[in-house]
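What follows is one structure encoded as C-alpha cells, with my remarks underneath.
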Amino acid sequence: MPHHYILTLFGLLPVATNISTWWNFGSMLLTCLMLQVLTGFFLAVHYTANINLAFSSIIHITRDVPYGWLMQNLHAIGASMFFICIYIHIARGLYYGSHLNKETWMSGITLLITLIATAFFGYVLPGGQMSFRAATGITNLLTAVPYLGATMTTWLWGGFAINDPTLTRFFALHFILPFAIISLSSLHIILLHEEGSSNPLGTNPDIDKIPFHPYHSYKDLLLLTLMLLTLMITVSFFPDIFNDPDNFSKANPLVTPQHIKPEWYFLFAYGILRSIPNKLGGALALVMSIMILLTAPLTHTAHLRPMTFRPLSQLMFWTLISTFITITWAATKPVEPPYIIISQTTATLYFTFFISTPILGWIENKMMNSC
C-alpha cells in the first residue's frame, strides 16, 4: 500500500462489493482522456491552423513526423473509443439509477456537452472536405436563433464564411477545452464519492463495502487492458475504419458532398436534427437530444432505484438503445425515403423514453403494491 496519504485514501476508498464490470467505464474514460491529451499535444506541435496549410500539415504529420501516423490514428480512433465508453457509462447510469445522485449526474452531463464541443472543434481542424462542410452546416444552425443568430454566426466564424480566423479559434478551443474536461472530471469524481456509487441491486451500499485497492483496481485493470488492446488492433490494422472518404480530399468550397455526415458519435443528434424539416425546430431538437438527459433525476417515480426488477422500464430502455443505433445508421444515409421516415420514427421513440419514464414508474409501483 502506498505511504502518501492521498494515494492511501484513494486505495482505502470504500466501494460496494457487488459492483459489476459496468462500473469500470469511469476509469476507462480517464485513461482515454489522458491518451487524448498526450497524443493531442504531440499533434499540436506539428499542426498549422491555417485554412490553406491545415490539410497539408496533417499529411506532413502522417508521412514525415516519426510515429506521426501512430499519434494521428491514436488521437482519431481514441476519440471514438472515448465516446463508446461514455455512451455505455451513461446507459449504465440510466439503467442502474445512478442519475438519482443528482449533483454527480448534472456534472456528468456538463462533461458530456464539453466533450461534444471539443470533439466537434477537433473534427473541423484537418481541413478536409467533410470537416469543412460539417463545420459550415452545424455552425450555420446558429442563424436559426431569432434576432441574434446572424451576428453570433459571423462572430463565431470571424468573418462571413469559414476561413483562417475560424480555424484558429477552433484550434484554440480544441486545445483549451480538454483542461476544462479534466477539471470537471475531478469535480465529478469528488461529487460521486461524497455519496458513493450505486450498485446493481440498488440497495444501500454502506452495509457491505471493501477497499477500492486491490479488489476493484485489478478488476478495472482487466477491462482497461482489453480496451487498449482493441484500440491498438484498430489503429494497426483498420486505421481508417471511422473515416469518411470525402475527408481525404482538401476542403473545396465550390464542391458540395452528396450529404453532410459528421463523425459517427454525433450521428444520433444529427439524425434527430435532420428528421425535422424546419431549421429552428431541428436546432432545438438537436439541443434537446442532449439536454433531456438532465430531466432523468426529476422524472424518476419508481420505488426501486435500478431497472433490475422493473420489466416495463427494461423494455423501454432496450428500445432506447436500439433506437440510438438505428438513428445513428439512418443519419449516414441521404435525406430520401425510407430514411426520412426511419429518422422521424426513431427520433420520436428516443424522446418517448424520457417522457414515459415517470408513467412507467407509477405503473410498476402499482404492480408491486398489488403483489
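Yeah, the Cβs are placed from backbone N, Cα and C, and that goes for glycine too.
The transmembrane segment annotation in Swiss-Prot covers 25-45 (among others).
What Swiss-Prot records for 69-90 (among others) is transmembrane segment. Tertiary proximity for the transmembrane segment (69-90) is limited to same-chain residues at least six positions away from its ends with a CB under 8 Å from its CB atoms, namely 22, 25-26, 28-29, 32-33, 35-36, 39-40, 42-43, 58, 61-63, 108, 112, 115, 119, 122, 227, 230-231, 234-235, 239, 241-243, 263-265, 293, 324.
Marked as heme b b562 binding site by Swiss-Prot on the basis of similarity to another entry: His75, His174. Cβ environment of His75 (heme b b562 binding site): Gln36, Thr39, Gly40, Leu43 lie under 8 Å away, each six or more residues apart in the same chain.
Sequence-distant neighbours of His89 (heme b b566 binding site) (same chain, 6+ apart, CB under 8 A from its CB) are Phe25, Gly26, Leu29. The heme b b566 binding site feature in Swiss-Prot is assigned to His89, His188.
Remote same-chain residues near the transmembrane segment (105-125) are listed as 47, 49, 54, 79, 82-83, 86, 90, 93, 98-99, 131-132, 134-135, 138, 166-167, 170-171, 173-174, 177-178, 180-181, 184-185, 187-188, 191, 262-263, 265-266, 269, 290-291, 293-294, 296-297 (criterion: CB distance under 8 Å, separation of at least six residues from the stretch ends). The transmembrane segment feature in Swiss-Prot is assigned to 105-125 (among others); the stated evidence is similarity to another entry.
Residues 26, 29-30, 33, 36-37, 40, 44, 47, 49, 104, 107-108, 110-111, 114-115, 117-118, 121-122, 124-125, 135 of the same chain lie 6+ residues outside the transmembrane segment (170-190) yet bring a C-beta within less than 8 angstroms of a C-beta in it. Summarising the annotation, Swiss-Prot assigns transmembrane segment to 170-190 (among others) and lists similarity to another entry as the type of evidence.
Taken from Swiss-Prot, the feature ubiquinone binding site covers His193, and the record attributes it to similarity to another entry. Residues near His193 (ubiquinone binding site) in space but far in sequence (CB under 8 A, at least 6 apart, same chain), listed by position: Leu13.
Annotated transmembrane segment per Swiss-Prot: 218-238 (among others), in sequence order.
As annotated by Swiss-Prot, transmembrane segment applies to 280-300 (among others), with the evidence given as similarity to another entry.
Positions annotated as transmembrane segment by Swiss-Prot, on the basis of similarity to another entry: 312-332 (among others). Packing against the transmembrane segment (312-332) from elsewhere in the chain are residues 87, 91, 94-95, 261, 264, 267-268, 270-272, 274, 302, 339, 342-343, 346-347, 349-350, 352-353, 356-357, 360-361, 363-364: each is 6 or more residues past its ends and has a CB under 8 Å from a CB in it.
Sequence annotations record features per position, and here Swiss-Prot assigns transmembrane segment to 339-358 (among others) based on similarity to another entry.
His174 (heme b b562 binding site) is 21 Å away from His188 (heme b b566 binding site) when you measure Cα to Cα.
Listed in sequence order, Gly40, Thr118, Phe121, Gly122, Leu125 are the same-chain residues six or more apart from His174 (heme b b562 binding site) with CB atoms under 8 A from its CB.
Tertiary proximity for the transmembrane segment (25-45) is limited to same-chain residues at least six positions away from its ends with a CB under 8 Å from its CB atoms, namely 61, 71-72, 74-75, 78-79, 81-82, 85-86, 88-89, 92, 171, 174-175, 178, 181-182, 185, 189, 220, 223-224, 227-228.
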